[in-house]
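Working notes, structure below.
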Amino acid sequence: MTIAIGQEEGRGWFDLVDDWLKRDRFVFIGWSGLLLFPTSYLSIGGWFTGTTFVTSWYTHGLASSYLEGCNFFTAAVSTPANSMGHSLLLLWGPEAQGDFTRWCQIGGLWAFCALHGAFGLIGFCLRQFEIARLVGIRPYNAIAFSGPIAIFVSVFLMYPLGQASWFFAPSLGVAAIFRFLLFIQGFHNFTLNPFHMMGVAGILGAALLCAIHGATVQNTIFEDGDAANTFRAFTPTQSEETYSMVTANRFWSQVFGVAFSNKRWLHFFMLFVPLAGLWTSAIGIVGLALNLRAYDFVSQELRAAEDPEFETFYTKNLLLNEGIRSWMAAQDQPHENFIFPEEVLPRGNAL
């Protein structure tokens, strides 16, 4: 038996904090939690406050709260007024000057929720990195979550930064998001954008892959117990595989002629397809922020400028977008005071 005599090595405050943050508890905190929990709490709390009490009369000329009679679908935390530009709208800034009521009236809650929400999503991504490191697994969950972060940052932050003000970002509400979709189509023709096409292919393709994968696994689960359902027969510590990859491979080989034979490649493909869709959509939105739009595959305006004999022509797509713009603009951008004479508005039977 050996007895070591000596003074215990002193532990610094960083080690003590590290131990406390990573302690095994019902809800893991971690270093990422220092960013995740405060920002998420403030963002979600700000959204509930705004949708319950705060009007959009001074920014959009709209009612947008439960207090004004809105429901879950029509309530929103609306974007700041166009005149605010790209100001951070700090409560103590020159616009509100510490007046909370005035801060809410000019749209300060939207900037508050959007910025804290972005940092909350980043904190959640870092949380997945941190827990993956502690558990000893690869960090692909965190990498996959970069997709939603890219979408949020591009739509709520980068798009309005490329436009005139925060006003043109989506307001934080259900109907408000659909309004933004119509706006993006009418003013940018986003459905004809190849980045949007890649995004649609990625998201719908991922949904198809998810359905096929789930059904195939359920179809090929081994009968490893006599319980009434398959869930009770499964044990999380079993050494053998739960379903037959060989049988699944044989099935899809017969159906399509080709099939995945490697689980790693199969699941990486299921990670790659939706993530590629999310990222390409985000890149497309950044393009819209810079007004890199294409109203048609070949711009009629450019051709008309080069060829004096070329006559521009309407397509149903152009007419539809023109209708969206003229229908939305007057109410959607009240600060512009648009007034359209009846003779220039698209007629209802023009399609």
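Even glycines carry a Cβ here, placed using N, Cα and C.
Sequence annotations record features per position, and here Swiss-Prot assigns transmembrane segment to 39-59 (among others) based on sequence analysis.
Here Swiss-Prot flags H116 as chlorophyll a ChlzD2 binding site, drawing on sequence analysis. The secondary structure of H116 (chlorophyll a ChlzD2 binding site), as reduced to three states from DSSP, is helical.
Among the features that Swiss-Prot reports, transmembrane segment is placed at 123-139 (among others), with the record citing sequence analysis. Same-chain residues lying 6 or more positions outside the transmembrane segment (123-139) and placing a CB less than 8 Å from one of its CB atoms are 22, 28, 30-33, 35-37, 39-40, 145-146, 149.
Per Swiss-Prot, transmembrane segment is recorded for 151-164 (among others). A Cβ distance under 8 Å defines the sequence-distant neighbours of the transmembrane segment (151-164), meaning residues of its chain 6+ beyond its ends; these are 79, 82, 85-86, 114-115, 117-118, 121, 170, 180, 278, 281-283, 285-286, 288-291.
For H196 (chlorophyll a PD2 binding site), the same-chain residues 6+ apart in sequence whose C-beta sits under 8 angstroms from its C-beta are F190, S281, G284. The feature chlorophyll a PD2 binding site is assigned by Swiss-Prot to H196.
Residues 232-234, 238, 240-245, 247-248, 251-252, 266, 269-270, 273-274, 277 of the same chain, all 6+ positions outside the transmembrane segment (206-226), place their C-beta atoms under 8 angstroms from a C-beta of that stretch. Here Swiss-Prot flags 206-226 (among others) as transmembrane segment.
Annotation note: H267 (Fe cation binding site) sits in a helical segment as assigned by DSSP. Residues annotated as Fe cation binding site in Swiss-Prot, with sequence analysis given as evidence: H213, H267.
Annotation comment: Swiss-Prot describes 277-293 (among others) as transmembrane segment, evidence class sequence analysis.
Within its own chain, the transmembrane segment (39-59) has Cβ neighbours under 8 Å at 65-68, 70, 75-81, 104-107, 109-110, 112-114, 116-117, 119-120, 123-124, 167, 171-173, counting only residues six or more beyond its boundaries. Cα of H116 (chlorophyll a ChlzD2 binding site) to Cα of H267 (Fe cation binding site): a span of 33 Å. Within 10 Å of the C-beta of H213 (Fe cation binding site) there are 16 other C-beta atoms, taking all protein chains into account. In sequence order, the list of same-chain residues 6 or more apart from H267 (Fe cation binding site) whose Cβ falls under 8 Å from its Cβ is empty.
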